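Here is the structure we will look at, set down as structure tokens.
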Amino acid sequence: MGPRYGIVMESAHDVAMHIEKVYTFDRSPFLCCWYKGDELGKRACIFHTASAIGPMFSGFLQTAAYNGLNGVHGLSGWKWLFIVDGIITIPIALLGFLIMPDLPHNTKPSIFYTERQLQLAQKRMAEVNRNPPSKFTRAKVIGFFTSWHIYTLVPLYVLFNNGSGPSTSMIFWLKSFNTNTKTVYTIGQINIYPLGANVVQVVSTLVWAWWSDAMRLRWPPMIVAGTWCMIVSILLAATPLYTHIARRWALYYMTTIQGGLSGLILAWANELNGHDSEKRSFIVASCNMWAYVMQFPQFYRKNVLSPISVIFPQVEQPRVLKGNIATACINLLMMIFALLTYSLQLRDERRAKIGREHGGPSLSRESTGPSGEL
């Protein structure tokens, strides 16, 4: 019963964790309903810095729980960590329920949002052709698959989400220095030292956000970050494990340079489909869903494989030569899809311009209307 119970509990944990991820990242379309294009990148990226700050907080909390609570009342440190996490989660969930708004057209005035503020939000969205939600219909859903957006934005997000795999290797690398007779890094150090990569991710996320919004372009940060991570992955594959320790340490920290692109890609998806609330939500949800379907190492079993569990198996850590090489290729593909998306966006903008010159509807730059056909 023990092994079966362990498998059931581990699977239940995986499902619960990924349900939480779906809820968290699907708040992105709500940002699009409140902010314009030159404002959205910064807000989305600030929102997504939580994905880097959270593990930092968790790492320090885990170390504190292990050092200070391990063995208290007969419970291991990791069990105390779950108890503390549960206590923290309750007030955060209540706070989110109380203060997070709906959409500008259906949020009621309250102590947080006045009637004047809501009217201003509705006016701002009308200026950029952001339409309120309507009903999903069969014809509309079929139409989602006849435009290019779903075929470029979803792969772009999936590739991004799998483009920083080497960052997971640092903890295994630090552990590998320890032997049965010698301890080089303590458990606390092994938990804390890799958090430098999260600091790099937070800083780079904010840099990409302000740069992208200033240019009103989403693709340049993706090219710079993708190139950077591709080079880092190649250097990790070529660097010996134990003869260039400082170099490898720095390379691990730089593997998360592209981790801050999530907000920009989802902001791009929101902008390109701003005229259609249902399509916008569907594509953003598809990005999120397929990204975590393809990055599901927690469900690694003998007969259930994910791409990440194949290229970064624990038995090959921390060397994972094929994982580092594959990550370089993933980042190259991500850049290709970013450029493809931009070229198709330019094509639609040219078509919209021609349509306006011939008496068609005038649309904002960030929402080129119901074009996007293949």
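A Cβ is built for glycine as well, from the same backbone N, Cα and C atoms used for every other residue.
Record features (TrEMBL):
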type	residues	note
COMPBIAS	364-374	compositional bias 'Polar residues'
REGION	355-374	region 'Disordered'
TRANSMEM	45-66	transmembrane segment
TRANSMEM	78-100	transmembrane segment
TRANSMEM	192-211	transmembrane segment
TRANSMEM	223-243	transmembrane segment
TRANSMEM	249-269	transmembrane segment
TRANSMEM	320-344	transmembrane segment
Intrachain residues whose Cβ lies under 8 Å of the transmembrane segment (45-66), provided they are six or more past its termini: 24, 27-28, 31, 77-78, 80-81, 84-85, 187-188, 191-192, 194-195, 198-199, 201-202, 205-206, 208-209, 256, 259-260, 262-264, 267
Top Cβ-contact partner of the transmembrane segment (192-211) among 223-243, 249-269, 320-344 (pairs under 8 Å): 249-269
